[in-house]
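Participant: Here it is, the structure, as structure tokens.
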């Protein structure tokens, strides 16, 4: 199953309640009780609520750490139960204890749901440092929404006793819990990151690896951690007659821009301690704001503002620095890939040329320089748009149009392929180069051209064409009462088609053969086939020469992995009897004067498939006016590729045409299609005036 199977098994284990869950729940339960007891120690003398509540942060860390694990609801139940237990143990009334427990559970549920919804990465990793602006604001939303939604539950006792709403208590609950979540949870997430790195064996080697993308030094961190709380202490004690505290927000801005996120949070905790302690003593700018609960609530809300400013600036800075690092890494990767691509392109034997529509060069590899200029460095004084100055069309004429016109002629999809001549100065002979030009896909604008030197291939094709042309008979034999014609039309590449004929007493022997493949190899095998057929032929027997030819070239065909299809026939002139052997060709028909056509079935495999195959002859008869028509597979492919397509051509041919015109009509019909192979057509017509004669 591989990695996916391992991940699936790990996910199943995570959803099964086990020893790990027991240990984790127990550890968080102990931490929650300790935090709750600490909070209850700050109980205000004139109210039933404590000044600080670190247990709010512990509860959020608890449910996030257990995200996705089994018995998830148990966490919320335990948070409620433990809150009730601590409250009762520290002197709270049962109604206040129960309402506080329910409020703690509701607060945790709301916070965890918002974190799950907006901070999926943090939730999925079981707690992780806030890295993006979106994660920060979703986290702040969770910290505000949880206490806000749960606060009214604390008013149950006050409402039952008839005292009405106590807004000071509500404000203090909201302020202290928001401060706890905002100040302590990010620190807990950083600790979770450290534990995760240590367990994975990948310890951070730098502050940047921890996400601390700052330009300040640790000595500055220590100084700010000490000085900023000291400034707050001085302001709240020595300058308490001035009821102005908002200028100190500038310190939060400086810290957020200079310090790592976790240091900003630690500083927030220290500032919280200073402000809460002094405000509880009635000192500082908040000392004249109502009762103690209201004073502490106002102080806590101010701390929320300080923490949000520092955390927002630090996260935004870290996010920006992270983006810069990722862009730098992407740039380095792009440069590496570009260098690798350039190296690969330079090692390609074909030339590669990429230009803009105006002809200015984007890239040319060494092979392209060698083909276009005759040397790999290229001329130093050549303008970019002049690299086609030595290129001519296949007839030697200069190219018409500039680069822009040539570009506009390119299709949006597909390529244009053309053979062109290149003759740079200092090169002895011109080269034949195949240019394959393709538009670059949008939004890029330009042309990529692949240049392939086909000079040697063209020379070989010319030699093969000469060999192929030499196989064809020059004059048709004269057979009384019959008209004979043939046509060979070469395609762009040389194949292995040939036809042959010779007359003997009382008739004529016709041959059409096609060697599998193209080029010089196919031409040589075609020449060998013709030579062996002629060497063993000369008479009316069409079978034995074919057998001997196959035996003589069996090894050559096997070595080349090739085969030859052959139709060979003897037509007895006085009677029109046709004796033939069809070795896998199957493209012969007798066209009758009445417009019908009879296909002559193949009666054997091509030469070279089964060398020891027992071959037989078949018989047909040409009535006066009938035409024996043989075509190559190039004709079959050009008219559609199926025997049904070829039968339509047979049916459409006028029967009253001279045989030469009939052959030309087949060629014209095939040429109208997609011609990828040589076209070979051989036809023999028995004169309509010939009468049936007895065998000689």
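Keep in mind that glycine also has a Cβ here, set from the backbone N, Cα and C atoms.
What you are looking at is a predicted structure, and each value in this text was computed from that prediction instead of being measured.
So TrEMBL lists the following for this protein:
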type	residues	note
TRANSMEM	21-41	transmembrane segment
TRANSMEM	47-65	transmembrane segment
TRANSMEM	72-89	transmembrane segment
TRANSMEM	95-116	transmembrane segment
TRANSMEM	136-154	transmembrane segment
TRANSMEM	166-191	transmembrane segment
TRANSMEM	219-235	transmembrane segment
TRANSMEM	264-280	transmembrane segment
TRANSMEM	292-315	transmembrane segment
DOMAIN	479-686	domain 'PPM-type phosphatase'
Participant: Can you tell me which parts of the same chain pack against the transmembrane segment (95-116), counting only residues 6+ beyond its ends and a CB-CB cutoff under 8 A?
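Facilitator: For the transmembrane segment (95-116), the nonlocal Cβ contacts are 48, 55-56, 59-60, 62-64, 67, 75-77, 79-84, 87-88, 122-123, 138-139, 141-143, 145-147, 149-151, 153-154, 156-157, 160, 173, 177, 181.
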Participant: Report yes or no: does the transmembrane segment (166-191) come within contact of the transmembrane segment (219-235), defined as 3 or more CB pairs under 8 Å with a sequence separation of 6 or more?
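Facilitator: Judged by the Cβ rule, the two regions do not touch, with the required three close pairs absent.
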Participant: Out of 21-41, 47-65, 72-89, 219-235, which stretch touches the transmembrane segment (136-154) the most, going by CB pairs under 8 Å?
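Facilitator: The stretch with the most close Cβ contacts to the transmembrane segment (136-154) is 47-65.
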Participant: Count, for each of 47-65, 72-89, 219-235, the Cβ pairs lying under 8 Å from the transmembrane segment (21-41), and report the range with the highest count.
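Facilitator: Looking only at 47-65, 72-89, 219-235, the most contacts with the transmembrane segment (21-41) come from 47-65.
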